[in-house]
Amino acid sequence: MKTLLLTLVVVTIVCLDLGYTLTCLNCPEMFCGKFQICRNGEKICFKKLHQRRPFSLRYIRGCAATCPETKPRDMVECCSTDRCNR
């Protein structure tokens, strides 16, 4: 009986889809130390630099379902591994 129970537990663990959750940096500073666990469907980390005026950059980092659109005076980098948007 114990063997059957143990077998059922092992099969249940193996068959469960534990899933994978992506972790991305999420803060507006140049040097970032805050992390965000991405929601279901968000499979991309991004870093967006926006030049507001000469010598003034705004950093935006986070999770996304798709790579954000690049607009004038923006630079966007996308990646798909943990904490890759440094």
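Sequential numbering from 1, following the chain as shown.
Including glycine, each Cβ sits where the backbone N, Cα and C put it.
A disulfide bond in Swiss-Prot ties CYS78 to one cysteine from CYS67, CYS84, and that cysteine is CYS67. According to Swiss-Prot, CYS32 forms a disulfide bond with CYS27, chosen from CYS27, CYS38.
Take the candidates CYS15, CYS45; Swiss-Prot pairs CYS24 in a disulfide bond with CYS45. Of the candidate disulfide-bonded residues, CYS24, CYS32, CYS38, CYS67, the one lying closest to CYS84 (disulfide bond) when CA atoms are compared is CYS24. Here CYS63 (disulfide bond) is positioned 11 angstrom away from CYS27 (disulfide bond), judged by their C-alpha atoms. Neighbour counts of Cβ atoms within 10 Å were taken for the disulfide-bonded residues CYS24, CYS38, CYS67; the minimum is at CYS67.
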